[in-house]
Amino acid sequence: MGNRDDEYDYLFKVVLIGDSGVGKSNLLSRFTRNEFNLESKSTIGVEFATRSIQVDGKTIKAQIWDTAGQERYRAITSAYYRGAVGALLVYDIAKHLTYENVERWLKELRDHADSNIVIMLVGNKSDLRHLRAVPTDEARAFAEKNGLSFIETSALDSTNVEAAFQTILTEIYRIVSQKQMSDRRENDMSPSNNVVPIHVPPTTENKPKMQCCQNI
(Lines of atoms letter the chains of each structure in order from A and count residues from 1; the text may use other names and numbers.)
(Lines give C-alpha, C1' and ligand atoms only; values in the text may rest on other atoms or scores of the structure.)
Protein backbone atom coordinates (compact mmCIF):
# COMPACT_ATOMS: atom_id res chain seq x y z
CA MET A 1 0.00 0.00 0.00
CA GLY A 2 1.16 3.52 -0.75
CA ASN A 3 2.01 6.13 1.83
CA ARG A 4 -0.97 8.32 2.73
CA ASP A 5 1.16 11.36 1.96
CA ASP A 6 1.29 10.13 -1.63
CA GLU A 7 -2.49 10.25 -1.96
CA TYR A 8 -3.53 13.56 -3.45
CA ASP A 9 -5.82 15.00 -6.11
CA TYR A 10 -3.51 17.80 -7.27
CA LEU A 11 0.22 18.47 -7.06
CA PHE A 12 1.15 22.15 -7.27
CA LYS A 13 4.73 23.39 -7.55
CA VAL A 14 5.22 26.74 -5.81
CA VAL A 15 8.53 28.61 -5.85
CA LEU A 16 9.94 31.05 -3.30
CA ILE A 17 11.93 33.92 -4.78
CA GLY A 18 13.49 37.11 -3.46
CA ASP A 19 16.79 38.38 -2.10
CA SER A 20 18.97 36.29 0.17
CA GLY A 21 18.18 36.75 3.87
CA VAL A 22 14.51 37.74 3.53
CA GLY A 23 13.36 34.54 5.26
CA LYS A 24 12.36 32.26 2.39
CA SER A 25 13.78 29.12 4.02
CA ASN A 26 12.06 29.86 7.32
CA LEU A 27 8.73 30.48 5.57
CA LEU A 28 9.18 27.06 3.96
CA SER A 29 10.08 25.30 7.22
CA ARG A 30 7.36 27.09 9.19
CA PHE A 31 4.65 26.03 6.74
CA THR A 32 5.83 22.48 6.06
CA ARG A 33 7.30 21.49 9.45
CA ASN A 34 6.21 24.29 11.83
CA GLU A 35 9.87 25.00 12.55
CA PHE A 36 11.93 28.18 12.71
CA ASN A 37 15.71 28.36 12.87
CA LEU A 38 17.28 31.63 14.00
CA GLU A 39 20.67 30.37 12.83
CA SER A 40 19.36 29.58 9.35
CA LYS A 41 22.18 29.94 6.84
CA SER A 42 21.78 30.98 3.21
CA THR A 43 20.39 28.14 1.14
CA ILE A 44 22.97 26.60 -1.17
CA GLY A 45 21.52 25.27 -4.40
CA VAL A 46 17.87 24.22 -4.34
CA GLU A 47 15.73 22.42 -1.81
CA PHE A 48 12.03 21.73 -1.59
CA ALA A 49 9.54 20.41 0.92
CA THR A 50 5.94 19.26 0.65
CA ARG A 51 2.73 19.58 2.60
CA SER A 52 -0.84 18.62 1.77
CA ILE A 53 -3.92 20.74 2.51
CA GLN A 54 -7.64 20.30 1.87
CA VAL A 55 -9.56 22.62 -0.46
CA ASP A 56 -13.20 21.91 -1.33
CA GLY A 57 -12.79 18.30 -0.22
CA LYS A 58 -9.78 17.82 -2.52
CA THR A 59 -6.27 17.02 -1.32
CA ILE A 60 -3.77 19.54 -2.63
CA LYS A 61 -0.12 18.55 -2.29
CA ALA A 62 2.12 21.61 -2.35
CA GLN A 63 5.70 21.09 -3.49
CA ILE A 64 7.43 24.26 -2.33
CA TRP A 65 10.84 25.08 -3.76
CA ASP A 66 13.42 27.34 -2.14
CA THR A 67 16.64 28.63 -3.63
CA ALA A 68 19.37 31.05 -2.61
CA GLY A 69 18.85 34.66 -3.60
CA GLN A 70 22.50 35.33 -4.37
CA GLU A 71 23.38 36.21 -7.95
CA ARG A 72 25.87 33.35 -8.28
CA TYR A 73 23.06 30.78 -8.18
CA ARG A 74 21.13 32.32 -11.08
CA ALA A 75 22.20 29.43 -13.34
CA ILE A 76 19.44 27.26 -11.86
CA THR A 77 16.59 29.61 -12.71
CA SER A 78 15.14 27.91 -15.78
CA ALA A 79 14.86 24.51 -14.08
CA TYR A 80 13.71 26.15 -10.85
CA TYR A 81 10.74 27.87 -12.50
CA ARG A 82 9.81 24.98 -14.82
CA GLY A 83 6.38 23.59 -14.00
CA ALA A 84 5.69 26.16 -11.26
CA VAL A 85 2.06 27.23 -10.97
CA GLY A 86 2.60 29.63 -8.06
CA ALA A 87 5.28 31.93 -6.66
CA LEU A 88 5.80 33.76 -3.39
CA LEU A 89 7.92 36.86 -4.06
CA VAL A 90 9.41 37.66 -0.65
CA TYR A 91 11.04 40.82 0.71
CA ASP A 92 12.05 41.92 4.23
CA ILE A 93 9.87 44.75 5.57
CA ALA A 94 12.89 46.03 7.54
CA LYS A 95 15.24 46.23 4.53
CA HIS A 96 14.07 48.56 1.79
CA LEU A 97 16.65 47.30 -0.71
CA THR A 98 15.01 43.85 -0.70
CA TYR A 99 11.73 45.57 -1.62
CA GLU A 100 13.41 47.64 -4.36
CA ASN A 101 14.67 44.40 -5.90
CA VAL A 102 11.14 42.96 -6.08
CA GLU A 103 10.68 44.53 -9.52
CA ARG A 104 13.76 42.74 -10.86
CA TRP A 105 12.62 39.43 -9.37
CA LEU A 106 9.19 39.92 -10.88
CA LYS A 107 10.72 40.50 -14.31
CA GLU A 108 12.85 37.36 -13.99
CA LEU A 109 9.82 35.37 -12.90
CA ARG A 110 7.78 36.54 -15.86
CA ASP A 111 10.70 35.87 -18.23
CA HIS A 112 11.18 32.27 -17.05
CA ALA A 113 7.86 31.05 -15.66
CA ASP A 114 4.53 30.17 -17.24
CA SER A 115 2.53 33.28 -18.16
CA ASN A 116 -0.41 32.08 -16.03
CA ILE A 117 1.60 31.62 -12.83
CA VAL A 118 -0.15 32.90 -9.68
CA ILE A 119 2.09 35.38 -7.82
CA MET A 120 1.84 36.64 -4.24
CA LEU A 121 3.98 39.49 -2.89
CA VAL A 122 5.03 38.67 0.69
CA GLY A 123 6.43 41.21 3.14
CA ASN A 124 8.19 38.96 5.66
CA LYS A 125 9.49 39.71 9.19
CA SER A 126 6.40 41.68 10.19
CA ASP A 127 7.50 41.08 13.81
CA LEU A 128 10.18 43.77 13.23
CA ARG A 129 7.59 46.57 13.38
CA HIS A 130 9.99 48.96 15.11
CA LEU A 131 12.45 48.57 12.19
CA ARG A 132 9.90 48.80 9.37
CA ALA A 133 11.40 50.36 6.23
CA VAL A 134 8.66 49.43 3.73
CA PRO A 135 5.18 50.90 4.35
CA THR A 136 2.39 48.33 3.99
CA ASP A 137 0.32 50.64 1.77
CA GLU A 138 3.24 51.15 -0.63
CA ALA A 139 3.77 47.41 -1.09
CA ARG A 140 0.04 46.75 -1.41
CA ALA A 141 -0.26 49.43 -4.12
CA PHE A 142 2.67 47.88 -6.02
CA ALA A 143 1.01 44.46 -5.81
CA GLU A 144 -2.32 45.77 -7.08
CA LYS A 145 -0.64 47.62 -9.94
CA ASN A 146 1.12 44.42 -11.04
CA GLY A 147 -1.78 42.02 -10.55
CA LEU A 148 -0.31 40.29 -7.50
CA SER A 149 -1.96 39.29 -4.25
CA PHE A 150 -0.28 40.68 -1.12
CA ILE A 151 0.27 39.69 2.50
CA GLU A 152 2.68 40.44 5.34
CA THR A 153 4.03 37.51 7.34
CA SER A 154 6.36 36.58 10.16
CA ALA A 155 8.03 33.19 9.95
CA LEU A 156 9.37 33.88 13.46
CA ASP A 157 5.99 34.14 15.22
CA SER A 158 3.96 32.33 12.50
CA THR A 159 1.80 35.37 11.66
CA ASN A 160 -0.02 34.84 8.33
CA VAL A 161 2.34 32.07 7.14
CA GLU A 162 -0.50 29.56 6.98
CA ALA A 163 -2.78 32.17 5.39
CA ALA A 164 -0.22 33.03 2.69
CA PHE A 165 0.20 29.44 1.49
CA GLN A 166 -3.48 28.56 1.91
CA THR A 167 -4.48 31.64 -0.13
CA ILE A 168 -2.14 31.02 -3.05
CA LEU A 169 -2.87 27.27 -3.18
CA THR A 170 -6.62 27.89 -3.08
CA GLU A 171 -6.31 30.47 -5.87
CA ILE A 172 -4.31 28.01 -8.00
CA TYR A 173 -6.88 25.29 -7.32
CA ARG A 174 -9.77 27.54 -8.36
CA ILE A 175 -8.03 28.44 -11.64
CA VAL A 176 -7.09 24.82 -12.42
CA SER A 177 -10.53 23.40 -11.56
CA GLN A 178 -12.32 26.11 -13.58
CA LYS A 179 -10.07 25.35 -16.55
CA GLN A 180 -10.86 21.65 -16.23
CA MET A 181 -14.60 22.40 -16.19
CA SER A 182 -14.21 24.68 -19.20
CA ASP A 183 -12.21 22.04 -21.07
CA ARG A 184 -14.87 19.44 -20.28
CA ARG A 185 -17.63 21.75 -21.56
CA GLU A 186 -15.69 22.38 -24.77
CA ASN A 187 -15.10 18.65 -25.13
CA ASP A 188 -18.80 17.92 -24.62
CA MET A 189 -19.69 20.44 -27.33
CA SER A 190 -17.10 19.31 -29.85
CA PRO A 191 -18.44 17.77 -33.10
CA SER A 192 -16.93 14.39 -32.29
CA ASN A 193 -19.16 14.14 -29.23
CA ASN A 194 -22.31 15.17 -31.08
CA VAL A 195 -22.24 12.49 -33.78
CA VAL A 196 -25.60 10.79 -34.22
CA PRO A 197 -25.09 7.32 -35.69
CA ILE A 198 -27.29 6.58 -38.69
CA HIS A 199 -28.26 2.95 -39.11
CA VAL A 200 -29.15 1.93 -42.68
CA PRO A 201 -31.31 -1.20 -42.72
CA PRO A 202 -29.90 -4.01 -44.84
CA THR A 203 -31.51 -4.35 -48.25
CA THR A 204 -32.17 -7.57 -50.11
CA GLU A 205 -31.89 -5.86 -53.48
CA ASN A 206 -28.93 -6.97 -55.49
CA LYS A 207 -27.38 -3.50 -55.80
CA PRO A 208 -23.67 -2.83 -55.94
CA LYS A 209 -22.33 -2.13 -52.44
CA MET A 210 -20.88 1.32 -51.88
CA GLN A 211 -18.89 2.46 -48.89
CA CYS A 212 -19.90 5.99 -48.04
CA CYS A 213 -18.61 8.34 -45.37
CA GLN A 214 -16.65 5.55 -43.72
CA ASN A 215 -14.25 7.87 -42.01
CA ILE A 216 -16.76 10.38 -40.67
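Backbone N, Cα and C atoms are what each Cβ position is placed from, and that goes for glycine too.
Range 67-86 is the one annotated as motif 'Switch 2', of 67-86, 147-166 (source: Swiss-Prot). When Swiss-Prot is compared with the stretches 36-47, 108-119, 120-131, 192-203, the one noted as motif 'Switch 1' is 36-47. Across the fold, the C-alpha of Asp127 (GTP binding site) and the C-alpha of Ser25 (Mg(2+) binding site) stand 17 Å from each other. Asp66 (Mg(2+) binding site) and Asn26 (GTP binding site) have their C-alpha atoms 10 Å apart, to the nearest angstrom. In this structure, the binding-site residues under consideration are Ser20, Ser25, and the one with the smallest number of other Cβ atoms within 10 Å of its Cβ is Ser20.
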